[in-house]
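Chemist: This is the structure, below, for whatever I ask next.
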Amino acid sequence: MTPAARRQAAIEILDQILTGQPTEKELTAWARRSRFAGSKDRAAVRDHVFGALRCLRSYAALGGGGGDVVSDANTTGRQLVLGALRAEGIDVDEIFNGIGHAPAPLDDVEQSVLTTVPQMQQAEELNMPDWLWPAFEASLGSAAVDAAKALQDRAPVHLRINRLHEDRDRAVEQLASEGVSTEPHPSAETALNVVDGVRKLRNSEAYTGGLVELQDAASQAVIQSLPLSDGQRVLDFCAGGGGKSLAMAARAKLKIFAHDIAPQRMKDLPVRAERAGTTIMVLEPGAAASQAPFDLVLCDAPCSGSGSWRRAPEGKWRLTQAQLDDLCQTQAEILNEASQLVAGNGYLAYATCSMLEVENRAQVDRFLANNPGWTLQQDHDWHVHKGTDGFYVAVLTRFSDD
Ligand SMILES: C[S@@+](CC[C@H](N)C(=O)[O-])C[C@H]1O[C@@H](n2cnc3c(N)ncnc32)[C@H](O)[C@@H]1O
């Protein structure tokens with residue numbers, strides 16, 4: 001495919017996403033009906049689509065769209081790609097030339113867009129929803145602008161060395177011998193940053209053999225901060241795919257139980273655990289109480305995902321205040337339920353991949369205010385502009401004479 005044909009493909013996919021269709025579904029559907037597209041074409045089209053979604057508001061404004069970009073009354077894929085070209089400093093006529101499968105040449109209205117530079121408000125320029133920007137700013141303070149800017153870029157690729165198998169230097173060497181260049185990441189001792197060769201990773205022996213897992217360095221740092229030690233019984237209350245369960249298993253000799261309200265999310269966990277050389281007990285929803293008490297219960301709670309909007313940028317535009325309120329309610333209920341499963345003198349760990357105060361420290365403070373037996377032992381946050389996903393973790397303890 002020519003560069004222009006790739007942009008046209010992105011335009012068509014974006015048009016579908018703007019009607020409310022999920023991004024991954026549309027990318028997959030396009031790849032299926034475009035058998036002529038090679039792996040480099042697919043990667044380039046994906047980059048164009050994700051790039052436009054991360055910068056939806058500013059690209060819309062630069063392309064002559066805008067307005068309510070969430071329900072998308074006024075923006076088209078064509079406008080987003082036009083805006084992207086302007087932002088990237090690419091000659092518009094080289095792409096919008098109508099040759100072969102390229103986008104059609106600009107019409108008069110679109111041509112006139114090129115003659116103006118839109119005046120953008122701060123949230124628009126930083127590609128944040130208007131309703132969320134004040135809360136984002138209040139949560140991050142002077143770091144808010146840097147964090148919002150970081151959300152406009154592609155996320156780094158991080159690996160977790162499965163310590164059950166390997167040490168860091170040997171993992172770096174093996175990956176290098178398979179064409180994947182990495183460097184240690186400062187956020188966690190198990191973390192590697194992939195510098196080059198990311199497309200070779202999934203077929204590498206290092207990955208298929210369980211030496212390394214794909215996992216953001218902040219997720220690893222969360223696990224590193226937990227008070228885990230040999231012999232503990234640990235519950236991963238919101239286990240999802242089990243990334244945190246596996247990371248905990250690599251830290252100490254634990255008896256780990258995985259639980260999730262949606263058990264199908266854990267369906268690959270037994271195989272992943274075997275690949276990593278460990279065993280994880282998968283519990284049915286609601287069955288955690290029958291195995292209680294636990295020395296540590298981790299709640300990696302459902303959240304806005306604001307810390308991982310680089311990876312899933314449509315989340316930034318789909319989230320509403322009502323959904324955020326519902327998420328906060330669910331988080332509070334999870335904390336309450338999970339706290340009852342913790343042994344006397346045990347630990348309750350609460351984590352989100354969010355940078356919003358209301359989902360993080362405010363949630364913990366509310367729990368502590370309502371549950372006087374508990375104290376906060378430590379909490380920590382990670383922000384996107386520091387080279388990881390945005391994350392938060394708090395570790396609470398309950399002292400007991402039992
Ligand atoms: C952030 S994800 C977990 C990610 C996972 N820990 C990982 O590392 O891959 C949150 C999970 O919480 C689950 N969940 C939502 N409400 C829940 C509830 N009330 N009880 C238990 N799990 C819940 C969701 O199904 C989802 O899988």
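Cβ coordinates are placed from backbone N, Cα and C, and glycine is handled just like the others.
Quick paste from TrEMBL:
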type	residues	note
ACT_SITE	Cys353	active site, nucleophile
BINDING	Asp260, Asp300	S-adenosyl-L-methionine binding site
DOMAIN	147-402	domain 'SAM-dependent MTase RsmB/NOP-type'
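Can you tell me where each of these features sits in the structure?
Modeler: DSSP assigns Cys353 (active site, nucleophile) to coil in the three-state reduction, placing it in neither a helix nor a strand. Note: Cys353 (active site, nucleophile) has non-local neighbours Ala218, Ser219, Cys303, Gly305, Ser306, Gly307, Ser308, Asp389, Gly390, Phe391, i.e. same-chain residues 6+ apart with C-beta under 8 A of its own C-beta.
Of all Cβ atoms in the shown protein chains, 25 besides its own fall within 10 Å of the Cβ of Asp300 (S-adenosyl-L-methionine binding site).
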Chemist: When a 10 Å sphere is centred on the Cβ of Asp260 (S-adenosyl-L-methionine binding site), how many other Cβ atoms does it contain?
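Modeler: Neighbour count, Cβ to Cβ under the 10 Å cut-off: 21.
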Chemist: With DSSP assignments reduced to helix, strand and coil, which class does Asp300 (S-adenosyl-L-methionine binding site) get?
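Modeler: Where Asp300 (S-adenosyl-L-methionine binding site) sits, the three-state DSSP reduction gives strand.
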